[in-house]
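Okay, so here's the structure we're looking at.
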Amino acid sequence: MSDASSTETGRRTGKNPGPRTGLRSRQKARLRHVPVTRRVAAWIAAVAHDPATSLRFVIGFAVVHALLWTIILTALKAAQDVHMDVAEAYAWGQKFLLGYGKHPPLAGWVAGVWFRIFPVTDWATYALAMTVAGTGLVICWLIAVRVVDHRRAMFMVAMLALYPVFTFKGFKYNPDLLQLVTLPLFVLAYLEAFQKRTVMSGIWLGLAAALALMTKYWVLTMIGAAGLASLLHPDRMRFWRSPAPWVAFAACFAGLLPHLWWLKQADFLPLIYADDVYGGRTFATTLRLASIYLAHNLGLLLLPVSFAAIALAWKLQWWRSLRRRGFIGEFIASARRPWVRGPNSGVFLTQARNIWIMQIIVALVPPIAAVAFGIYMKTDWGISLFFLVPLALIALPTLRVTQMALIRLMLMWLVFTLVMLLISPIIAAQTVRRDGDAGVPFAPKSEFAMQLTEAWRARFNRRWAVVAGTTEIGEPLTFYSPDHPAPLTPREVWASGLTSLEEAKQRGFIGICDTKDLELNKCEAWMAENAPNAERLDLTSRRYFHGKAGPAVKWKIWIVGPERPDEEDDK
């Protein structure tokens, strides 16, 4: 019986006619000749494009990204202590309050939970920062699949993974970085509410807005942008006639009630802080700072946009075209290559319009408003406001994203990450040799924390409870001392609420003034007023890294013993 008749008989009887060994062997032979790299590339393209597997793939990619960049940042910052913002967030997390003076409480809560699971070490802070970044990547993908097809969504994730905010710039965990989770969550909830227009989607939108506001009030820029986008969108009446936006307002207010109660009890300290520190600047100053803000944040976007442009425009055997057309001709042809007119089923225009409008608003309105109202613009405020740029670009209907473009961009991410993994220890060593005497980044605060802890325990045989000093020194000592004393900042109106002057005097404290601080006289005056009978010390600390000596930092110390030294401090 022939193969064909055997197969037909098998179909009729329902029995397996047996393997067609000739065909299968030929298929296996052809597969053996396919390079492994092509097989891997084909697998990546398939799982990233398949709705059934793409979410798992993105989560896996985000986990790998977070792990690799945790290792890179740990090596890159090995000669430095953690940034004071990170130490401040750790200090907030020692108590779960409804607010911390300067900021709403979410950043402190997250740090508090994290460091109840992980040790209080430098690498754990970088792991926290990269966990935030990795979570942001996954949420941004969830946004993207509501705007573009799965291939474009993965392309956007690869762009974000090359965006310095998700790598180098994201090394310090603080409220600005945490917005890379809460703001994408808000945008995701807004897109869902705009599409479904149901009561439940409105509840989720309101709760997402409340969560974002519990991170930092700066998120009002994105919330306002979403409101304006809904008003400018062609489908605005369908959205505003639905229950979703009105339920969202109520849910947001309900979610914020505990914090609003704290805000009133604290006499609106975060607002006072913002006005005192960032308000009242001259037109010339704000114009200069706004220009720096825009230049800095647009400059950060150059890296992912450049990599994406190369991936999209790349042509096999490009050198032949270069010889035929010349450099200028090939450059023009490459720039035109990804652009094709006509309908594009890979872009969902209804939601794409929301993304375009929101990104334009949050990119332009804050610096313009800063100049108009005399507000100091920090470059870090842009960390959370430009994450939609890659999606806004990829959602352009005339742009075609091929399977090979996705593979190229992911390969660029892998090569870039592995190169950084190899050279990060070298960069750290070279930075110390070049800038080791510069001061603040290499100040030996971890060594100083151990010196003071030993001094306190030798005198009182109990836990060191309170450290009094500026944020630059107090919070790092809270982080690095094994006793983790509560920080008290002298003369600070917007105190964190972690301790008080009365509690410090009762439990005892160590006061610290940096001899290089520009406000040394004010620090010494506060110590003289509040610690007149303290024991005075002068200490010097220095760090060595790979045989290179860092700066010698001199500190003035005031040690105030507890009122009842015979009682053990359990707090």
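Every residue gets a Cβ built from N, Cα and C, even glycine.
Bear in mind that TrEMBL entries carry predicted annotations, made automatically and left uncurated.
Here TrEMBL flags 102-262 as domain 'Glycosyltransferase RgtA/B/C/D-like'.
Under the heading region 'Disordered', TrEMBL lists 1-30.
Feature annotation from TrEMBL assigns transmembrane segment to 57-76 (among others).
Long-range contacts of the transmembrane segment (97-117) within its own chain (CB-CB distance under 8 A, at least 6 residues past either end) are made by residues 89-90, 124, 128, 173-175, 178, 182, 211, 213-217, 258-259, 261-263, 266, 269-270, 273, 492, 494-498. What TrEMBL lists as transmembrane segment is 97-117 (among others).
The transmembrane segment annotation in TrEMBL covers 123-144 (among others).
Note on the transmembrane segment (203-232): residues 103-107, 175-176, 178-179, 182-183, 185-190, 192-194, 239-240, 244-245, 247-256, 259, 270-271, 274, 353-354, 357-358, 361-362, 365-366, 381, 384-385 of its chain, located 6 or more positions outside it, place their CB under 8 angstroms from a CB of the stretch. The transmembrane segment annotation in TrEMBL covers 203-232 (among others).
According to TrEMBL, the transmembrane segment annotation covers 244-263 (among others).
Beyond its flanks by at least six residues, the transmembrane segment (292-314) meets 155, 158-160, 162-165, 169, 334-335, 337-338, 367, 370, 377-379, 381-382, 385-386, 389-390, 393, 399-402, 404-406, 408-409, 412-413, 416 of its own chain at Cβ-Cβ distances under 8 Å. Residues or ranges marked as transmembrane segment by TrEMBL: 292-314 (among others).
If one looks beyond the transmembrane segment (355-375) by at least 6 residues along the same chain, the residues whose Cβ comes under 8 Å of a Cβ in the stretch are 143, 147, 187, 221-222, 224-226, 228-229, 232-233, 278-283, 286-287, 289-291, 293-294, 381, 385-386, 388-389, 391-392, 395. Look at TrEMBL and you will find 355-375 (among others) tagged as transmembrane segment.
As annotated by TrEMBL, transmembrane segment applies to 381-399 (among others).
Look at TrEMBL and you will find 406-428 (among others) tagged as transmembrane segment. Counting only same-chain residues 6+ beyond the ends of the transmembrane segment (406-428), those with a CB under 8 A from a CB of the stretch are 41, 44-45, 48, 65, 68-69, 71-73, 75-79, 151, 154-155, 158-159, 161-162, 167, 307-308, 310-311, 314, 545.
123-144 is the stretch from 123-144, 244-263, 381-399 with the greatest number of Cβ pairs below 8 Å to the transmembrane segment (57-76). Only residues 6 or more beyond the boundaries of the transmembrane segment (381-399), in the same chain, are considered here, and those with a CB under 8 A from a CB of the stretch are 136, 140, 143-144, 147-148, 152, 155-156, 159-160, 163, 165, 169-170, 176-177, 179-180, 183-184, 187, 218-219, 221-222, 293, 296-297, 300-301, 304-305, 308, 312, 338-344, 347, 349, 352, 355-356, 358-359, 362-363, 366. Long-range neighbours of the transmembrane segment (123-144) within the same chain, counting only residues 6 or more positions beyond its ends whose Cβ lies under 8 Å from a Cβ of the stretch, are 55, 58-59, 61-63, 65-67, 69-70, 73-74, 77, 82, 86, 90, 110-111, 114-115, 152-154, 156-157, 160-161, 165-167, 170-173, 177-178, 180-181, 184-185, 187-188, 191, 355, 387-388, 391, 394. Model confidence over the domain 'Glycosyltransferase RgtA/B/C/D-like' (102-262) stands at 97, taken as the mean pLDDT rounded to a whole number.
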